[in-house]
Amino acid sequence: GRDAYIADDKNCVYTCAKNSYCNNECTKNGAESGYCQWLGKYGNGCWCKNLPDKVPIRIPGPCR
């Protein structure tokens, strides 16, 4: 797995305000844990720890 911003099918981060929301989204996708990264590269987005390789992550390029 990898530590990364989890993304949806449009390469957009999961916008967040609370750590609990991100921890839930990350763990239900197989990650160890997750939290809300405030004012990061992509704004307020969910960061997951040890996310499985099959789950899409935010990559360079536009959020569609």
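Numbers run from 1 along the shown chain.
Just so it is clear, glycine is given a Cβ too, placed from its N, Cα and C backbone atoms.
Annotation source Swiss-Prot lists disulfide bond at Cys12-Cys63 (among others). DSSP assigns Cys63 (disulfide bond) to coil in the three-state reduction, placing it in neither a helix nor a strand.
The feature disulfide bond is assigned by Swiss-Prot to Cys16-Cys36 (among others), with similarity to another entry given as support. Reduced to three states, the DSSP call for Cys36 (disulfide bond) is strand.
DSSP assigns Cys46 (disulfide bond) to a strand segment in the three-state reduction. Neighbour density for Cys46 (disulfide bond): within 10 A of its CB lie 30 other CB atoms from the protein chains shown. The disulfide bond annotation in Swiss-Prot covers Cys22-Cys46 (among others) and is backed by similarity to another entry.
In the three-state DSSP assignment, the secondary structure recorded for Cys26 (disulfide bond) is helix. Feature annotation from Swiss-Prot assigns disulfide bond to Cys26-Cys48 (among others).
Annotation comment: Swiss-Prot describes Arg64 as arginine amide. Cβ neighbours within 10 Å of Arg64 (arginine amide), excluding its own Cβ and spanning all shown chains: 8.
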Statement: Whole-Å Cα distance, Cys26 (disulfide bond) to Cys46 (disulfide bond), is 8
Statement: Residues near Cys22 (disulfide bond) by Cβ (under 8 Å) yet at least 6 apart in sequence within the same chain, in sequence order, are Tyr14, Cys16, Gly34, Tyr35, Cys36, Cys46, Trp47, Cys48
